[in-house]
Amino acid sequence: MACVHYGAMTAPGPDIRTRTSADGEPVTDATARATAEAPEGAEPPAGAEEREPAATTGPARWRRLRPDLLVAAVYLAGALWVTARGWLDHSGRLLGSRPNDQGFNEWMLAYGAHAVSHLENPFFTTLQNAPTGINLMTNVGMQLPGLVLSPFTLLFGASFSYLLFITLNLAGTAYAWYHVLSRHLVSSRAAAFVGGLFCAFAPALVSHSNGHPHITAQWLVPFILWRVVRLARGGHVVRDGLVLGGLVVAQFFVSLEILFLAALGCLMMVVGYLIFRPREALRRARPLLGGLAITGVLVGAAAAYPLWMQFAGPQHRVGHPGNPDVYALTVGSFVRYATESVAGSPTSALRWGPNTTEQSSFYGWSVVVLALAACWWLRREIVVRVLAVVIAISAVFSIGTTWTWGTRRTDVPAPFALVTDLPVFDSVVVSRFALITTAALGVLFAVAGDRLARIRATDAGEARLVPRLAAVAALAALLPILPTPLEARGRVPVPDFVTSGAWRDHVAPGRTLVPVPVSGMTSLYWSSAAVAGFAVPEGYFLGPVSATDATGRWGVEPQPTAKLLTAVSRGERDTTVGPADIAQARSDVRYWKADAVALPDRGARGHDNLKVVLDALYGPGQRVDDVWLWDVRPFTR
């Protein structure tokens, strides 16, 4: 999420074979001649921006595209390697260590398909947490992926779409970085390949692949950042502002959180540029601000209603539940290895980070040393200086409001304490600032690799040995953080009563089916399997504490009957129920707007006791396929 520089950077002397400008970007021969004698800081002549090679046909075009296709295939193979255990049985397995997160995101994709096929509101729904509903914008959003993947969801189910989304996020993010780096920043495809590989397959995105597809969906980010750079260079301000606006709107409906982090990465870049090139930064500000104003108008028009929903709509929340430091990294996490890295283990990251999905640093000593060496070697280049500032600020922010010593948190305030109470910052998961660090490191390694390639191209004989050894050492430093396949576990099958569509004979459109026990993820798995065809009570989401307190919390306070059934399931109370329990149970199904209550044959702990209690609360149940069903419409209609 780091923005690359937007001015001239110090680089080695001219080299016709590399066909690069003084800022390290590929140019045409005409541009090279036009700018060879230009003074430092001068604007390049019109038309000096890099151009794609002219389109060709036949073998010549294939030769030009072959390296890119090979890179894309390697990235896709890497993504399939990480997600392989899930693909073995997408409907019968949960991928990764956070099954609840996967369950929720599957439901989001299922609801996206439902909203498309039924033309319903994609930003708010009462089909989860019935009848109050949930604010989808204050959760993970994902309206655009839900729309794009809706054909797959309708044909193959939400579990397939989720796995496809997670897999393509890794491959797509890697290729997006490769494409932007190889076209606009470095001339070495190999260096761009390494940069893209790091940005997508470093521990940050691999750990978030345990259940956070909205975080790993970063395939638009490199293009957004490059368009910001184009704006700062001036030229076609209106056109570039509109293009940037379109990209920002698209990312808004993919993941607003990633868009916010990308904007912060750009702001950190501006800070770095102001430190090292204040005059040039101020000179570049005019076209940048003009273009951003155009972008802002377009984004404001497209996102006005979703933004209102996010910050003022029904069931909106303020802040993230709990102390922000609960989700912060430790200083030591940057030199540890992640759980799913080659050099890691199930305990290597224990207590150094929040959980297995938030291992956004965990680079290990080798990568930290490599980054420091690259910064020192290329310290004269403005792009590297700016990247170093971005890396430092984002890494420090990810530590939280106080500094850490080992795995313990001290009372010494850290820089994030200055902004933790600001709007939006109060809702950020602190460890995710290190996502900016990861992207900046990926760009840094691409630049360093490109400079090594230049040296190798200009030197001859034994002089080439040094850059070759340096490249080998750099690759060796990256090997320990290569990802291992994510774990997978079996899931409780959804009843045939749901998957066959038999539920439609017992639950009217828009009404609620109550799975028992009510608490837990059962309701979301059932709803996802039915493509959100019926409403369910409770769920798994972020919402406000109450109608009068918008402070963020997980889920909702269960109704009394939900608590009773959960206690029976856990063996915490017997099956005796009194008149008050019966009255409350019938009041609760009215509150839920339920048509039926269902107890599955499989997966319900304390099944027999639950059936006894449900018979007492609602009368004798009837057998329908592989569930016991209680028709509660006499109490709710």
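Residue numbering: from 1, along the chain as shown.
Note that Cβ sites are derived from N, Cα and C of the backbone, with glycine treated the same way.
Look at TrEMBL and you will find 30-47 tagged as compositional bias 'Low complexity'.
Model confidence over the domain 'DUF6311' (110-427) stands at 95, taken as the mean pLDDT rounded to a whole number. Residues or ranges marked as domain 'DUF6311' by TrEMBL: 110-427.
Look at TrEMBL and you will find 12-60 tagged as region 'Disordered'.
Positions annotated as transmembrane segment by TrEMBL: 69-88 (among others).
The transmembrane segment annotation in TrEMBL covers 152-178 (among others).
Sequence annotations record features per position, and here TrEMBL assigns transmembrane segment to 190-206 (among others). Nonlocal intrachain contacts for the transmembrane segment (190-206), taken as residues 6+ away from its ends with a CB within less than 8 angstroms of a stretch CB, comprise 71, 74-75, 78-79, 82, 169-171, 173-179, 181-182, 215-216, 218, 337-338, 340-341, 359-363, 434-435, 438-439, 441-443, 445-450, 452-453, 475, 478, 481-483, 486.
Positions annotated as transmembrane segment by TrEMBL: 252-276 (among others).
According to TrEMBL, the feature transmembrane segment maps to 288-308 (among others). Beyond the transmembrane segment (288-308), the same-chain residues lying 6 or more positions past its ends with a Cβ under 8 Å from any Cβ of the stretch are 6, 123, 137, 141, 143, 228, 231-232, 237-238, 240-242, 244-246, 248-249, 252-253.
Non-local neighbours of the transmembrane segment (362-379) in the same chain are 202-203, 207, 333-338, 341, 343-344, 349, 352-353, 385, 387-388, 391, 441, 444-445, 447-448, 451, 474, 476-478, 480-481; each lies 6+ residues outside the stretch with a CB under 8 Å from one of its CB atoms. Feature annotation from TrEMBL assigns transmembrane segment to 362-379 (among others).
Tertiary proximity for the transmembrane segment (386-406) is limited to same-chain residues at least six positions away from its ends with a CB under 8 Å from its CB atoms, namely 1-5, 264-265, 268-269, 271-273, 275-276, 324-325, 327-332, 334, 360-361, 371, 375, 412-417, 420, 430-437, 440-441, 443-444, 447. Residues or ranges marked as transmembrane segment in TrEMBL: 386-406 (among others).
Residues or ranges marked as transmembrane segment in TrEMBL: 433-453 (among others). Within the chain carrying the transmembrane segment (433-453), a Cβ under 8 angstroms from the stretch's Cβ atoms is held by residues 1-2, 4, 12, 24, 177, 181, 185-188, 190-192, 194-199, 202, 204-205, 215, 218, 221, 258, 261, 264-265, 268, 329, 360-361, 363, 367, 370-371, 374-375, 377-378, 381, 383-384, 387-388, 390-391, 394-395, 397-398, 416, 467, 470-471, 474, 478, all 6 or more beyond its ends.
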